[in-house]
Amino acid sequence: MWSLPLLRHTDVPPRVTENFILSGYRFPNCSLRQCLYSAFRPTNETGNFWTHFLPIFVFAFHFVEVFTWEGVPEPSSPFFYPFWNYFLGVLYLLLASSLAHLLNSMSLIIREICFFVDYGTISAYTVGSSLAYYYYIHPQAGIEIEFGGPNSTQRKSLNADDEAWPSASSPTHFQLFFESLYIPSSCLVAIICVITCCNTRQCWRKYRYAVRTLVFLLPFFLSSTPVFYRLSVSSPSSSSPHLFSTMAVFFYRHCFWLLVSALFNISKIPERFSPGNFDIWGHSHQWFHCCTFLSILDELQMIKVEMQAVLLNPTLVLSPAMPPRLPGPTLWSTYGVMLLLQGCIACIIACFGWQAYQIYAPEQKKLKRH
C-alpha cells in the first residue's frame with residue numbers, strides 16, 4: 001500500500017475527481033486491505049475518514065453520561081427508547097460517512113454504493129432526531145418512568161407550565177399534527193431526501209453539492225418543529241428558566257454549526273481560492289465534517305438538558321392520574337419506525353446500486369485491465 005502512487009486529477013476517471021482537489025487520489029481499483037491501510041497514509045480522503053470516525057467515540061462518551069445520573073431508570077426503560085434510536089441514527093451517520101470515504105476507491109460501483117448508504121444514514125439520523133424531539137422536547141410530551149418497579153410508576157411532563165397548554169379535551173391543530181402526522185412526515189421527507197441525493201450522482205452534477213445541502217433543509221425544519229413550538233409557547237420566565245435558556249442556547253448553536261457546515265460544503269472554501277494547496281489536509285469537506293459533528297454534539301446536549309429536566313427536577317412531577325398529552329414511546333413507535341424506515345432506504349439503495357452497476361460495470365472492467 002505504501003508503494004502505491006497517489007495520482008493527480010488527470011490520472012483518474014472524472015467520476016472520482018473533486019472540484020479544486022488536484023492530487024492525492026487513489027486509483028479506483030484498490031483492494032479492501034489497501035483501502036484500510038490508506039487510513040494511515042495521507043491521501044485526499046484520509047482527513048475525511050478521521051473527521052467522522054474519531055467523533056464516534058466523543059459522541060458515545062457524552063451519550064453514556066446520561067446513565068450515570070442519579071435517579072435514572074434502567075437503560076432498557078421505555079423512557080430511553082427515543083434516546084437509543086437517536087444514538088443509532090448518529091452512529092450510523094458517522095460510521096457510514098467515514099467508511100464511505102475510506103472504501104470508495106475499491107471500484108466505481110462500490111464508490112456509488114458507499115455514498116448511497118451515506119445519504120441513507122443521514123436521512124435515518126433526521127428521523128432519529130425527530131423521535132428525540134417529539135418525546136423529550138415537545139412542551140406537551142409526557143413519559144411514564146418506572147422507579148424501582150411497576151408499582152412505583154410516575155408520569156412526568158417535560159414542561160411544568162401546565163396551565164399554558166390546551167387541555168386534551170380541546171386539541172389544537174398543532175396537537176393533531178404532532179399526534180398523527182409529525183413522525184410519518186419525517187419518514188416521508190427522509191425517503192425523498194435519499195432519492196434526491198442518490199439522483200445527484202447522475203443528474204445535476206454541476207450543482208450536486210448545493211442540491212444535497214439544500215434538500216436537507218426540509219427535514220431540518222420539519223424535525224425541529226417541536227423545538228420551534230417549545231420556544232414559541234414557553235419563555236425564560238417559566239418555572240425552570242435556567243433549563244429553558246440552556247436548551248435554547250444549545251439549539252441556536254446547533255443551527256449555527258449547521259449553517260457553517262452548509263457554507264463549507266457549497267462554497268468549497270478554502271481550496272477554491274488555492275487549488276492544490278489543500279488537497280490532503282484542510283479542504284472544505286473536512287471542515288464540513290467537523291462543523292456537522294459540532295452541530296450534533298450541541299443537539300445531544302440540548303436533548304440531555306430536556307431529559308434532565310424530567311429526571312432530576314421534582315417540580316415537574318405531575319399527578320399520576322394525569323394522562324400524557326402526547327402518546328409515550330413504545331417499541332413500535334420508536335424502534336419499529338426506524339426499522340421500517342431502514343427497510344425502505346435499503347430498497348432505494350438497492351435500486352440505485354443496480355443502476356450504478358449497469359452504468360459502471362463496463363468501465364470498471366477497463367480499469368482492471370489497465
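Cβ atoms here come from the backbone N, Cα and C positions, even for glycine.
Taken from TrEMBL as is:
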- 49-69: transmembrane segment (TRANSMEM)
- 81-103: transmembrane segment (TRANSMEM)
- H101, H285, H289: Zn(2+) binding site (BINDING)
- 115-136: transmembrane segment (TRANSMEM)
- 181-198: transmembrane segment (TRANSMEM)
- 210-231: transmembrane segment (TRANSMEM)
- 243-264: transmembrane segment (TRANSMEM)
- 335-360: transmembrane segment (TRANSMEM)
Original post:
Ranking the binding-site residues H101, H289 by other Cβ atoms within 10 Å, which is at the bottom?
Top reply: H289
**OP:** Would you list the other residues of this chain near Zn(2+) - those whose C-beta lies within 8 angstroms of the C-beta centroid of H101, H285, H289 - in sequence order?
**Re:** E45, G47, N48, F49, T51, H52, S97, Q286, F288
Subject >> Maximum Cβ pairs under 8 Å to the transmembrane segment (335-360) - stretch from the list 181-198, 210-231, 243-264 >> reply: 181-198
**OP:** Might you list, by sequence position, any residue in that chain lying six or more from H285 (Zn(2+) binding site) with a Cβ less than 8 Å away from its Cβ?
**Re:** E18, G47, N48, F264, N265
Subject >> Other parts of the chain folded back onto the transmembrane segment (115-136), taken as Cβ under 8 Å at six or more residues beyond its ends >> reply: 81-83, 85-90, 92-93, 95-97, 100, 104, 143, 158, 178, 182-183, 186-187, 189-191, 193-194, 197-198, 201, 212, 216, 219-220, 222-227, 299, 303, 306-307, 310, 326, 328-329, 334, 337-338, 341-342, 345-346, 348-349, 352-353, 356
Original post:
Sequence-remote contacts (6 or more beyond its ends) of the transmembrane segment (243-264), Cβ cut-off under 8 Å?
Top reply: 137, 213, 220, 224, 227, 230-231, 234-236, 284-285, 287-288, 291-292, 294-295, 298-299, 301-302, 305-306, 308-309, 313
